[in-house]
Structures are given as C-alpha cells and as structure tokens.
C-alpha cells in the first residue's frame with residue numbers, strides 16, 4: 001500500500017518547478033503520480049494542470065491578499081497558497097477540506113511555522129471573494145495568458161484572438177484515432193457503445209473520434225491491443241495532406257512520441273518508414289507506440305539540421321516535418337507552455353525551422369511531397385515561414401494548402417474541435 005502523501009504540497013512543488021525552473025509538467029508529473037494511490041492520481045493532475053491554467057489569476061489574487069510576496073526558501077508556500085485558492089475557486093472539494101489539506105501541506109514542505117499564514121490568507125480570500133473577483137474580471141490578468149503572447153495573438157488575429165484565448169483556457173476534449181488496420185471507425189464506435197461510452201466521428205478526418213466524456217485509456221476497447229490511439233484531431237489531419245502510399249520510402253522528422261509515425265503505418269502498412277528525433281529519451285516513446293500497435297519502422301536519433309549524418313544521401317518519396325515550435329496551439333493540453341515560453345523564443349524557433357526545412361529539402365525525391373506542420377498559431381512559424389521558403393526555393397511548389405501570398409492551412413483551437421495546428425503541403429518540381 002502506498003504511503004499517504006499530501007497532494008497539495010506535491011502539486012505546489014511541481015508548479016514551482018515549472019514556473020521557477022522552466023521544467024515541463026509532462027516530465028515532472030508522471031514520476032509524482034507513481035508515488036500516490038490510483039484514486040489520488042487524477043486529483044494530483046487536476047491540481048497541477050488547474051493551477052497552471054489559471055496561474056495569472058492566482059498570482060493576481062495573492063498579490064492583493066499579501067503585503068509581501070514569499071521569496072527564497074519560502075517560495076514553495078506561495079505555490080501552496082495558489083493550490084488552496086484553486087480548490088476554493090474551481091473544484092467541488094468542500095472548502096473546509098481544501099483549507100485543512102492545504103494548511104497541512106506546510107508540514108510536508110517543512111514549513112510548519114507558516115500554517116497560520118496559509119490559513120489566514122485563504123480565509124481572507126473567502127471573506128473578500130466577491131469583491132476581489134469583480135476587480136480581477138476588470139483586469140488584463142483575466143485572459144490567463146502572459147502579456148507577450150496576448151500581444152502576438154491580438155496582432156495576428158485581431159478578430160479572433162479572444163476566442164483563441166477562451167479555447168486555450170478550456171479543458172481539452174479527448175480525441176482518439178481508430179486503427180483502420182483492425183477496425184473501421186463505425187465498428188469501433190459500436191464497441192465503444194457496448195462498453196457504455198459515447199463517441200462522435202470527426203467530419204473531415206476519417207479515423208478521428210471524440211469521446212463524449214474523457215476516459216482512462218485502459219477503459220477503451222482494445223487499447224492495449226493497438227485498436228485505438230489517443231491523438232488530437234488536428235494532429236491526425238497531417239495524414240490528409242501527406243497521403244502516404246504502400247511501398248514508398250517515408251521520413252517522419254521530429255517524430256517523437258510517434259503518434260504520426262504509427263498513423264502513417266496504419267494508412268500505408270507496407271510503407272518503409274524512417275522516424276527521426278533529436279531527443280533520445282523521447283524516442284523510447286516511439287518504440288513503445290510501435291510495439292503496442294505491432295508495427296515496424298526504422299527509428300534513429302538525429303538532428304534535422306544535419307540529415308546526412310543519419311541518412312547519408314538517401315531521398316524519400318514523402319517527408320512529414322512536424323517542426324519544433326512554440327506549441328501555442330496546444331496550450332489547453334499543456335497549460336505550462338504559457339509560462340515556459342518567452343517572447344524571444346519565437347524568432348529562435350523560426351530560425352531553427354528554417355534551417356531544418358533547407359537541410360531536409362534535398363532529401364525529397366523529385367515529384368515528392370513534404371508536409372510542414374506545427375502545433376503553433378503564430379504566423380512567424382507558419383505562413384510567413386513557408387512564404388519565405390517558397391521565395392528562396394525554386395523547385396518548391398505549394399499544393400492544396402492556401403495560396404502563395406498566404407500559404408498553408410491554419411486550424412485554430414476550438415471548444416469541441418481539434419488543437420491549433422498548421423499544415424503546408426509542398427511538392428518538389
């Protein structure tokens with residue numbers, strides 16, 4: 001039996017590592033969840049994700065409730081108070097239980113002398129809640145986004161930025177990809193129905209199903225046998241443009257964690273697929289995905305800027321470049337992105353994308369297809385990137401996705417739809 005741990009202190013320390021040390025929640029959270037009971041895993045995730053989703057609101061409230069911010073070794077207490085405020089604002093946990101557990105968290109982080117302070121701040125919030133929230137709702141902090149990102153969204157989407165921000169602040173729907181080599185989408189939906197769950201097919205992406213209510217993967221019919229994969233609808237859209245065929249040589253560049261690699265093999269089981277990623281650690285997830293789905297691909301560690309180091313002079317019929325990007329289209333899945341990214345990252349990422357595009361283009365056969373994709377909504381990484389590439393690359397031609405003056409297809413995050421995603425389909429003349 002797992003030792004009873006204080007979830008509030010664990011969540012506070014995880015959020016602190018994201019905000020203060022720049023660590024990714026997807027790296028921090030799984031090892032923490034291994035330390036708690038199954039019934040507590042979901043609550044720990046809810047507290048971490050929720051605090052990061054609403055961080056600017058919680059920060060704003062603490063600044064109003066406390067005369068001085070917590071600094072130095074007491075900084076974790078700042079995040080513990082955030083966890084307390086989040087529970088009072090957004091969960092069904094009874095207030096007395098939320099307060100008691102949060103105050104007890106001070107012992108777990110070895111700050112028992114601050115129990116009174118934590119209790120006092122949270123009770124003060126309860127007394128002033130209505131007045132404080134009225135002021136908060138009139139402030140810029142209400143958008144729950146850093147100011148640099150708000151400015152970029154307002155500039156790029158003067159008519160739509162508010163709906164993008166609103167979608168980013170929602171919990172995401174759970175999209176699945178039915179493995180067409182095992183079942184048709186309709187037959188798998190029937191199995192889902194038999195299991196007491198409801199799903200909805202996507203109108204445009206033939207393998208995509210949205211669950212009415214998110215569910216743990218082990219509850220999904222045939223998950224362990226590779227019948228279905230968790231993948232956002234917009235990510236599945238890459239296959240519409242790539243259109244892989246059997247017997248072709250296909251490169252999936254920046255492939256980890258392998259969702260698109262396995263989708264290529266579901267669409268074209270006899271394709272010769274090479275999956276490459278710079279991050280050796282994340283490549284283990286590509287192997288895991290291939291194993292669960294019973295598929296084979298050549299998996300290599302390599303830098304997209306130097307393809308000759310990992311593929312020599314080899315050329316491919318099709319290349320999927322899911323380029324490293326700001327991930328500003330998937331904030332609802334990864335709310336830590338808002339606080340990990342900086343404005344200065346955007347030109348640096350655009351430069352990296354440009355270098356990879358130029359380096360990999362010679363490895364595409366004449367007449368071949370390259371699909372450039374990002375999970376970003378920022379033009380610098382998307383339409384402007386492809387426009388510049390077309391201008392400097394004489395044998396590149398835009399196909400089916402936009403027009404040369406506004407190249408590519410941009411999906412924006414939507415409440416029941418997929419994430420923010422960009423695609424450009426290029427043909428080598």
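Cβ coordinates are placed from backbone N, Cα and C, and glycine is handled just like the others.
Remember, predicted model here, so these are calculated numbers, not experimental data.
As given in Swiss-Prot:
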type     : residues                                         : note
ACT_SITE : 375                                              : active site, nucleophile
BINDING  : 254, 255, 256, 257, 258, 259, 260, 277, 303, 322 : S-adenosyl-L-methionine binding site
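Locations of recorded Swiss-Prot features on the structure.
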residue: 254; record: S-adenosyl-L-methionine binding site; DSSP (3 states): coil
residue: 260; record: S-adenosyl-L-methionine binding site; DSSP (3 states): helix
residue: 303; record: S-adenosyl-L-methionine binding site; DSSP (3 states): coil
residue: 375; record: active site, nucleophile; DSSP (3 states): coil
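The S-adenosyl-L-methionine site in the record is lined by 254, 255, 256, 257, 258, 259, 260, 277, 303, 322, and its two most distant CA atoms lie 19 Å apart. The Cβ of residue 254 (S-adenosyl-L-methionine binding site) lies under 8 Å from the Cβ of 276, 277, 278, 304, 321, 322, 323, 324, 356, each of which sits 6+ residues away along the same chain. Spacing of residue 258 (S-adenosyl-L-methionine binding site) relative to residue 375 (active site, nucleophile) is 15 Å (Cα to Cα, whole number). The Cβ neighbour count for residue 256 (S-adenosyl-L-methionine binding site), using a 10 Å radius and every protein chain shown, is 24. Here the C-alpha separation of the residue listed as 'active site, nucleophile' and residue 260 (S-adenosyl-L-methionine binding site) works out to 13 Å.
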